[in-house]
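Pasting in a structure now, in structure tokens, and then I'll have a few things to ask.
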Amino acid sequence: MGFVGDREKIDRGSGSWDKGGCFFGGMKSLVRRKQVDSANSKSGSAHQLAKALTVPHLIAIGVGSTIGAGVYILVGTVAREHSGPALTISFLIAGIAAALSAFCYAELASRCPSAGSAYHYSYICVGEGVAWLIGWAVVLEYTIGGSAVARGISPNLAMLFGGPDSLPTFLARHTIPGLNVTVDPCAAILVFVVTGLLCVGIKESTMVQGFVTAVNICAMFFVIVAGGYLGFKTGWPGYELPVGYFPFGADGMLAGASTVFFAYIGFDSVASTAEEVKNPQRDLPMGIGFALSICCTLYMLVSAVIVGLVPYYAMDPDTPISSAFASHGINWAAYIITIGACTSLCSTLMGSILPQPRILMAMARDGLLPSFFSDVNKRTQVPVKGTVATGLLSGTLAFFMDVEQLSGMVSVGTLLAFTMVAISVLILRYVPPDEVPLPSSFQEAIDSVSLRHSGCNSGSDIDVETTKIPAVTSGDSTPLLVEISVGHPLVEKAAAKLNYIVRQRRKVAGWTIMSICIGVFILTSAASIVSLPNPARYTLCGIGGFLLLSGLIVLTCIDQDDGRHSFGHTGGFTCPFVPLLPIACILINVYLLINLGGATWARVSIWLLLGACIYALYGRTHSSLKNAVYVPATHVDEIYQTSANSLAC
């Protein structure tokens, strides 16, 4: 590959590049990609976050954001309607499915350790348009999720005070006459308290979240230990069923797994703090992995105990754990379980508000949002303005609106992010970006390096280097090394042929990844739309399955790109079983996305359409890449060094 990027125009007379050219006009701005943040690209930035987090902090964030009060209710509903006693296996299968996304997140988080999570990875690997929609969807996820969690805290707090109407007047819910609006002061106050805590500092807020999460885990341990004792004492009546361990069959168990999968959403909050981790290449994969493992273990143990204490058909769908203990005469256990539910909700609330200011900050850094959101407080080293704005919005929604009917929109943002992260891993491995955007302020250094390499390529006024290549093979199969100059026609011909092979392989890999995504969409859509006539349904499933399987075979047979070794920060976690693991992750997440329902997608479409309008009116024209110059990735360090030397002079 020559020094000049394919996206730029070169002035043949001077060897300089056109800054942007027609590539950035119109719709082509949607596919411009940003650079992985490095020491060079971050130098001089005034928007740096504190490097304060270690593995225990990340585990506290991951576990606290993932384990919500849903587990205290979910076990009853899913056991009664889907899994029966096989609920434990449903949690295990869902945990394995979540681990596929966790593996993808772990590699990208260690390679690209900057704020923004899935938005940041999509911007680097896919393009600006997709990154904007992912960031916009994730903002919706955290806003609605935080408000919904806050609205769920006050009823549980009321139970600690003796009943649904036992909260003090200034905290209790009230209905505004004539408007039919129920306000929740307790929810709003809790959001504002959490917002203030997050403004103090990332380390301090994480320590508080760790303490609250520890209380929740202790409550779950009580359920496991006390429930296990009761189970052994009474002979596990919930497992003594004539219908066996799988009353709803394997299909019911899998349906239960797809339902409880959403109980694992939250570990991606760890990736959003990547820029604040002291050793991201080591700590981020460990934090994500340990957090998910702890959550899966606790879910399985709690479900195994509860479905053993009470037959699945006799469970109370609203309070399954409390009613299970009450059926054995331990009514006071309801207070411990309620404390666990309250602490889990508070921890999840912190996990919902924490990532959003960092995603807004990342989008503002890239020029897609106003610079207001990119400001970092010099003393606390957190994005205070973005945190306050997030808290005010979430607190207002929690005060005025019952957002429970919008909770499905939370899952859309998460699953879209999971899907795009898996696609980004495939792109990283097979077609990593080989061009890097630099600000136009580096134009002088770019021109200098461009002329230097143009002079080398012309073969004039340079020292002729020699290299030894295996040119002939002797009878004993030992290659004979022959000295041939770099400018020799044989070497140039071999280099040109190698370049052509690499370009063709990258082209094949790119089209294959696209065909896999199309195949997954066709297959999951046909499998989910039961109203389709069977012939059409089977035909579409066959087409989608063929595209998916053939794409998997092609990616397995061709080599991964050598550029992956130098992409981003090296030395971190590497996702195993590529391409099988990311493709399985894409398949699972797209299937869950399609099955969220038409009403949810109608609401999300309005939000995404609003985001597209904002991007067209503001983000596209204010993007930091608007006037960027794309250079080959292999020469970036040389350009930075040349620029530094010229400034020193």
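Here the Cβ of each residue, glycine as well, is placed from N, Cα and C on the backbone.
Not my notes, these are from TrEMBL:
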DOMAIN    573-623  domain 'Cationic amino acid transporter C-terminal'
TRANSMEM  52-75  transmembrane segment
TRANSMEM  87-106  transmembrane segment
TRANSMEM  118-139  transmembrane segment
TRANSMEM  176-199  transmembrane segment
TRANSMEM  211-232  transmembrane segment
TRANSMEM  244-267  transmembrane segment
TRANSMEM  288-312  transmembrane segment
TRANSMEM  332-354  transmembrane segment
TRANSMEM  382-400  transmembrane segment
TRANSMEM  406-428  transmembrane segment
TRANSMEM  570-594  transmembrane segment
TRANSMEM  600-618  transmembrane segment
Are the transmembrane segment (244-267) and the transmembrane segment (600-618) close enough to be called in contact, which here means at least 3 C-beta pairs under 8 A that are separated by 6 or more residues?
no
Check the transmembrane segment (600-618) against each of 87-106, 288-312, 382-400, 406-428, 570-594 and return whichever range has the most CB pairs under 8 Å.
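The stretch with the most close Cβ contacts to the transmembrane segment (600-618) is 406-428.
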Other than its close neighbours in sequence, what residues sit by the transmembrane segment (87-106), given a CB gap under 8 Å and a spacing of at least six beyond its ends?
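Contacts with the transmembrane segment (87-106): 75, 78-79, 117, 253-254, 256-261, 263-264, 267-268, 270-271, 284-285, 288-289, 292, 295-296, 299-300, 303-304, 307, 312, 418, 421-422, 424-425, 573, 575-576, 581-582, 584-585, 588-589.
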Under 8 angstroms for C-beta pairs, at least 3 of them, ignoring pairs fewer than 6 apart in sequence. Is the transmembrane segment (332-354) in contact with the transmembrane segment (288-312) by that rule?
no
Cβ pairs under 8 Å with the transmembrane segment (406-428): which stretch of 211-232, 288-312, 382-400, 570-594 has the most?
570-594
Tally Cβ pairs under 8 Å between the transmembrane segment (288-312) and each listed stretch (211-232, 382-400, 570-594), then give the stretch with the top tally.
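Counting Cβ pairs under 8 Å, the winner is 211-232.
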Across the domain 'Cationic amino acid transporter C-terminal' (573-623), what are the DSSP residue counts per state (helix, strand, coil)?
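Looking at the domain 'Cationic amino acid transporter C-terminal' (573-623) with DSSP, the answer is 40 helix, 0 strand, 11 coil.
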Are there residues at least six beyond either end of the transmembrane segment (570-594) with Cβ under 8 Å to its Cβ atoms? List them, or say none.
97, 100-101, 103-104, 106-107, 110-111, 258, 261, 280-282, 284-285, 411-412, 415-416, 418-419, 422-423, 425-426, 429-430, 516-517, 520-521, 523-525, 527-528, 548, 551-552, 555-556, 560
